[in-house]
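First up is the structure itself, then whatever we jot down about it.
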């Protein structure tokens, strides 16, 4: 009997599943295929032994990287050693990736199997995984997979500012396309403007200069001595400017209308702008090549080096190529044609555009191309894998190529490669130290600026926080100053006031309108407007010793006076009662008279 266990890697953790014991694994194939889509049947065949969840997304990313690289992570090792049986010979572990299976078999000693029934079982586990693990939903599993996928891709697609070879690939491709377009458009301008001024084609050879002159001259009959200075500025040659002026006076070209001249000038301006953009793009390419591949640029030139990188796909791919591949890079058609026809294979590809092969004699072109390809391969590897790329090695390699050329021509023996590389190493260390010193200086300046900025922000925030409570205190003090002390109403017993309480000012009674009186509750209004009873006046001869009592008495007098002057508002029921009593009195008087 064989104990079959299956390892399933998920974004949320590792799952170890066990299958029912069978004599042969192949007997499980039809049962598994039938039960993959049915959860109930699948549970009868497969059961979950253990589930090891990842503690965080960072741990999940580490485990995913380990599985992709074929390395047994500590979490996976702990799971397998804990939950697999101790008798390793009877255990068969099914895995989805052969690399991780080989690593488990080598490190832990378990027999691993991939493919066949294992693939079908993993398909079913992947389909029903959220049902096998308690507490895991399909939505949470999908979110975990999405997050891990983004993190894994982010680590794979690394962005390094110093090795932006993709920008070089796009720049050289655009530069080649611009060269073709400018050449085509310039020929169109020459043909179009040649009907009006055919002599200008023979005088001016440069396409960009010809387009500028066509835009400036326009109608040749309007060209005179006043424009000679501007012609000299455009052509940068006084003799050519004088020849253009003389040719315009005796030209054999046809007359042209104003609308045709407008179209020619417009098209010429477009060609001029394209040529200017081409120059700026070339400057940009040179700066990028000096940052990314300085040694290759110093050896073979920026344009040829960029074409090699573009053809290889990246600087890393170019560094991985052998020198024989670099030699014929760009001549694949000729190579396969030669292999098909059993003819001579090409000696050089893109490196033919370098100056070295053109300077070599015909019999030495193959030798120098092979030597140059060897040095290009070395330079690309130095640029790709050095921490601080410098142009020192490229310059030394260029000197070696020059010495080899002179050796082919004159027989002068070049220096040994060992001596040249020792010298280059010393200079490269000095250059790297200088570059690191500059970088550290820039970093210190940046940190100093950042520190100043943070200090300014902290100072501003502290000022704001200190000014805020002061403003709050001011705003809280202002209403206290404005607020007047209102006298409190004291309950009266038998119409007598408490003599211990004094009022600084009498409380003004609120005047009510008729509508408010009608809408308010009569009982409340009656209760609120209670008339104080009159007090017995003190004898004239009596003096008051206590000042507080005297103040209280004066206050109570004012209050009684105020209550007499103010009309007492009564409710509608009291008013109705008074009117009815008056009517009764009148009726009683009339009955007595009768």
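Using the three backbone atoms N, Cα and C, a Cβ is placed for every residue, glycine included.
Feature annotations, courtesy of Swiss-Prot:
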- 580-594: compositional bias 'Basic residues' (COMPBIAS)
- 87: SUMO2 cross-link (CROSSLNK)
- 230: SUMO2 cross-link (CROSSLNK)
- 240: SUMO2 cross-link (CROSSLNK)
- 540: SUMO2 cross-link (CROSSLNK)
- 564: SUMO2 cross-link (CROSSLNK)
- 292-410: domain 'Nop' (DOMAIN)
- 359: omega-N-methylarginine (MOD_RES)
- 468: phosphothreonine (MOD_RES)
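Taking the features listed in Swiss-Prot, we show where each one sits on the structure.
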residue: 87; record: SUMO2 cross-link; DSSP (3 states): coil
residue: 230; record: SUMO2 cross-link; DSSP (3 states): helix
residue: 240; record: SUMO2 cross-link; DSSP (3 states): helix
residue: 359; record: omega-N-methylarginine; DSSP (3 states): helix
For the recorded sites 87, 230, which Cβ has the most other Cβ atoms within 10 Å, all shown protein chains included?
230
In sequence order, which residues at least six apart in the same chain have a CB under 8 Å from the CB of residue 359 (omega-N-methylarginine)?
405
Other CB atoms, at most 10 A from the CB of residue 240 (SUMO2 cross-link):
17
DSSP says what for the domain 'Nop' (292-410): how many helix, strand, coil residues?
92 helix, 0 strand, 27 coil
Model confidence over the domain 'Nop' (292-410) (mean pLDDT, whole number):
91
Please report the distance from the Cα of residue 87 (SUMO2 cross-link) to the Cα of residue 230 (SUMO2 cross-link), rounded to the nearest angstrom.
96
Rounded to the nearest angstrom, how far is the Cα of residue 230 (SUMO2 cross-link) from the Cα of residue 240 (SUMO2 cross-link)?
12
